[in-house]
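What TrEMBL records for 1-23, 91-113 is region 'Disordered'. What TrEMBL records for 25-166 is domain 'Nudix hydrolase'. Annotation comment: TrEMBL describes 104-113 as compositional bias 'Basic and acidic residues'.
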């Protein structure tokens, strides 16, 4: 597949109005395992919701193909242009659904809390790192070895699985 990012926006997409869901109600998420050309390093970003480092990922929206969503998330969250190399397949979120609350005032929060995600990751080669990108003020980005990344992702099985499926050098 060709390098992505020719239609770059400096604004991140937000909200879930155009979010895709499967027939089971799982939120469909696209992500990347961004590698150096020699496959010795993976780029990770700081999570905005949890502490720690994660792979770039986000909602797959109705107006794009999954690989386009993955490349868009790489740009928005990490400021990288990528060449998509491999589809790493689907990875189901394994964490249990959070408990539903009965209070109608919490309806929107509860919907988000009980959602599960079905991830589709792509192995990508980073073709450029831009100095300015949509989430630059929110996130730091950093290169890690396989061992470092594996340790940092141990609490996120879906992200760890994507890393394991990649052809990154161990």
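The backbone N, Cα and C atoms fix where each Cβ goes, glycine too.
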Find the average pLDDT over the domain 'Nudix hydrolase' (25-166) in the predicted model and report it.
90
Please count the residues of the domain 'Nudix hydrolase' (25-166) that DSSP assigns to helix (H, G, I), strand (E, B) and coil.
40 helix, 50 strand, 52 coil
